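Chemist: One structure follows; several queries about it will come next.
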Amino acid sequence: MSVFDLFRGFFGFPGPRSHRDPFFGGMTRDDDDDEDDEEEEDSGAWGRESYAFDGFHPTEEFGFSFSPRGGMRFHGNFGFDDLVRDFNSIFSEMGAWTLPSHSPELPGPESETPGVRLREGQTLRDSMLKYPDSHQPRIFEGVLESHAKPESSKPAPDWGSQGPFHRLDDTWPVSPHSRAREDKDLDSQVSQEGLGPLLQPQPKSYFKSISVTKITKPDGTVEEHRTVVDSEGRRETTVTHQEAHDSSRSDPDPPRSSALDDPFSILDLLLGRWFRSR
């Protein structure tokens, strides 16, 4: 079976009148097809008059032409006329071959919905983010939303108490202010109360720095300075004095007699005994 037979069977066209493949040419021909072609040429199964259509020559196997109505027609005996006719009908219904009768117009300023338009002097923050998830009504064009939609004035259910983690509220209690999802005016609150109530207390680390300095004076007195600085910046200095130790412990050399310092005293010690003995 040739590729052309598969293509024709896929689209449901009738079977061929010969074993020759005029559409794909020699791509699917083999030796058996060549022998069949020679036999058919001898028997004259393909008449010369079958090719003469719309001025086509007998040697031509495939062709197409354009009709005045704008359609395209294939010439040949393989059922392409029905295929092209079906495609023309499909695209004509879809409007793919026809241009729009009028050009598209750009929307003008009058196409805007007057209900969504902001009031004069009203900011986008006040209209969109003032009460995002609360049950309080919004204000559009000076009219409350509850007046326009009475059924929307129902209070919103408290989904926080029914959530999957509502049992953890006892462990980590949540204040009512944290549950309220509203866009608060922080500028006026800061100007009135300051940043203290708004900022959450942060945990602080405590540390202490201790420095000790000892000074030994010439008389042997030891002076000790103990300075303690805590995390708050407070400084406390304590000074202690320690008296000198015993002279026998502090001075390793024994005291010398004052007589040894005088040379006459030394001579008196050495020669005095000799003269006194005489």
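Every residue gets a Cβ built from N, Cα and C, even glycine.
Computed from a predicted structure; not experimentally measured.
Annotation comment: Swiss-Prot describes 30-43 as compositional bias 'Acidic residues'. The compositional bias 'Basic and acidic residues' annotation in Swiss-Prot covers 132-152, 216-254. The N-acetylserine feature in Swiss-Prot is assigned to Ser2; the stated evidence is similarity to another entry. Here Swiss-Prot flags Ser188, Ser191 as phosphoserine. Annotation comment: Swiss-Prot describes 2-43 as region 'Required for localization in mitochondria'. The feature region 'Disordered' is assigned by Swiss-Prot to 15-50, 99-262. If you look up Swiss-Prot, you'll see 113-278 marked as region 'Involved in HCLS1 binding'. Per Swiss-Prot, region 'Involved in CASP9 binding' is recorded for 174-205, and the stated evidence type is similarity to another entry. Look at Swiss-Prot and you will find 175-246 tagged as region 'Involved in GNA13 binding', backed by similarity to another entry. For 182-278, the entry in Swiss-Prot reads region 'Required for localization in sarcoplasmic reticulum'. Per Swiss-Prot, region 'Involved in PKD2 binding' is recorded for 183-278. Taken from Swiss-Prot, the feature region 'Involved in PLN binding' covers 202-224, and the record attributes it to similarity to another entry. Per Swiss-Prot, region 'Involved in ATP2A2 binding' is recorded for 202-244. Residues or ranges marked as region 'Mediates interaction with UCP3' by Swiss-Prot on the basis of similarity to another entry: 209-278. Here Swiss-Prot flags 269-278 as region 'Required for ITGB6 binding'.
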Chemist: Enumerate same-chain residues with a sequence separation of six or more from Ser188 (phosphoserine) and a Cβ-Cβ distance below 8 A; give 'none' if the list is empty.
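Modeler: Set apart from Ser188 (phosphoserine) by at least 6 residues yet with Cβ under 8 Å, there are none.
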Chemist: Over the span of the region 'Involved in PLN binding' (202-224), count residues by DSSP class, listing helix, strand and coil in order.
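Modeler: With helix first, then strand, then coil, the region 'Involved in PLN binding' (202-224) has 0 helix, 12 strand, 11 coil.
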Chemist: Mean pLDDT across the region 'Involved in CASP9 binding' (174-205), rounded to an integer, is what?
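Modeler: Averaged over the region 'Involved in CASP9 binding' (174-205), per-residue pLDDT gives 69.
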Chemist: Relative to the Cβ of Ser191 (phosphoserine), which residues of the same chain, six or more apart in sequence, are found under 8 Å away?
Modeler: none
